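Asker: Structure incoming, see below.
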Amino acid sequence: MVRLAAELLLLLGLLLLTLHITVLRSSPLQHGNDTVSLEQDSRVAENNVNADSSSSVQLGPGDRQTRVAHIPASQPWAQSPGTGGSLQRDGPGAFLLDLQNFPDLSKADINGQNPNIQVTIEVVDSLEGSEPEKGMRKENKPGWAAPNWRNWWQRSSSSSSSSVSTPKGPEEQDYPYESNTEDSNFLKPLGDWERRVKSEAGAGSRTQTEYDYIDGEGDWSAWSPCSVSCGNGNQKRTRSCGYACTATESRTCDMPSCPGIEDAFKTAATEVSLLAGTEEFNATELFGVDTDSCERWMNCKSEFLKKYMSKVATDLPSCPCFYPTEVAYSTADVHDANTKRNFRWKDASGPKEKLEIYKPTARYCIRSMLTLESTTLAAQHCCYDDSMKLITRGKGAGTPNLISTEFSADLHYKVDILPWIICKGDWSRYNHARPPNNGQKCAENPQDEDYYKQFEEAREF
């Protein structure tokens, strides 16, 4: 009997102890402690969000940014999509009830010390710009080859293009890409797809000038019109040779003779015919080149020849001491100090001149051109060595042409070339009758030793 009473008392004590433990678990003190713990956790999470916000990239007005953060589920707070950016705290009871509505969290064990739960929170300033920014978030660093890198540059650059139209508000700014010279970077010209993107983006804007920079040398342009309408002139053409570089090429152009030039030479031609005693100018009879004797040609002292040679000496310019390089590209004016006039010269070094035969030591030659002021049909002929110095004597020296090639190439051959052939290339006898010009008193070229050597060779030949 006593034993039965003891067992009953022990069972009653266990029931009281169980009841006491149940009452303690459901007491308000426990809820208060949980609330304090949750508030402390929420403050820590809020500080973390502020730290992340301060370290994020600052964007201008109208820009959107998506923030992604991972936090433990023991921090009972969340950002509502409709709110501007302030954090909302819920009571612990409401949080526990709402937690059951999430399929992924309904079976989570929240009684553990560190529950393995991750919550994704998106901080969105505006719903308008969420889609474009998702495309930018796919890359960790800017890719310069991506089609939309220019849009990113336009937003991040502090200096925007002047072609952007009326400024918009922060929420309606769409940043269309337009540009002037910044668009055509010579280091990376626009590709075809970039041109299409630009034309679509700026369909409603004004037309922009596109510059195509050529890497290296481009195609030559068409030749420009001749600089003169009659006579001898020049024309040019250009091409691009890179950034801020233009190559220019020029050439001579021969137009029909200017009106009046035939009249200017008519008197001289008539005088030649009259003095020769024939109706036509016969060079072979005048200079006696129809014979095989070089002496007869050298001793021809007709009155016409004396008068003509006197006019040639005063009418023609003196040879420049150095080859005028501008003549190599086109005709050029060179000032003559003796006559105090400008004379027009052209190059005479081409293959048809046959310098290796008639002027064997010459590298360059020039010939004066006829003008309306000319009183004869003659032209000055000057030749230069490899160092562009005037050859004043010897077998390479130039001699005056009594008939210019401009007037008649056939007469020039009969009067100026054929006598040299009749003399069998003996330049010493030819130059005696047609002395080379050195009116500007240039230094003797070649030197005495070379000159005498050439003279002896001519005599022996």
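Glycine residues also receive a Cβ, built from the backbone N, Cα and C atoms like all the rest.
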Asker: Labelled region 'Disordered' by Swiss-Prot, one stretch among 40-62, 431-453. Can you tell me which?
Answerer: 40-62
Asker: When you check Swiss-Prot, which of CYS226, CYS230, CYS241 turns out to share a disulphide bond with CYS253?
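Answerer: So the cysteine that Swiss-Prot bonds to CYS253 would be CYS226.
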Asker: Of the residues CYS230, CYS245, which one does Swiss-Prot pair with CYS241 through a disulfide?
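Answerer: The record-listed partner cysteine is CYS245.
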Asker: In whole Å, how far does the CA atom of CYS245 (disulfide bond) lie from that of CYS226 (disulfide bond)?
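Answerer: Pair distance, Cα basis, whole Å: 24 Å.
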Asker: Where DSSP helix means H, G or I and strand means E or B, what are the helix, strand and coil counts for the domain 'TSP type-1' (215-259)?
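Answerer: Secondary-structure breakdown of the domain 'TSP type-1' (215-259): 0 helix, 18 strand, 27 coil.
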Asker: I need the CA-to-CA distance for CYS253 (disulfide bond) versus CYS230 (disulfide bond), whole Å please.
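Answerer: Answer for this pair: 10 Å between alpha carbons.
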Asker: Please work out which residue of CYS226, CYS230, CYS241 has the most C-beta neighbours within 10 angstroms of its C-beta, and give that one of the disulfide-bonded residues.
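Answerer: Counting every other Cβ within 10 Å of each candidate, the maximum falls on CYS226.
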Asker: In the structure shown, which of the disulfide-bonded residues CYS245, CYS253 has the fewest other Cβ atoms within 10 Å?
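Answerer: Looking at the disulfide-bonded residues CYS245, CYS253, the Cβ with the fewest others within 10 Å is that of CYS245.
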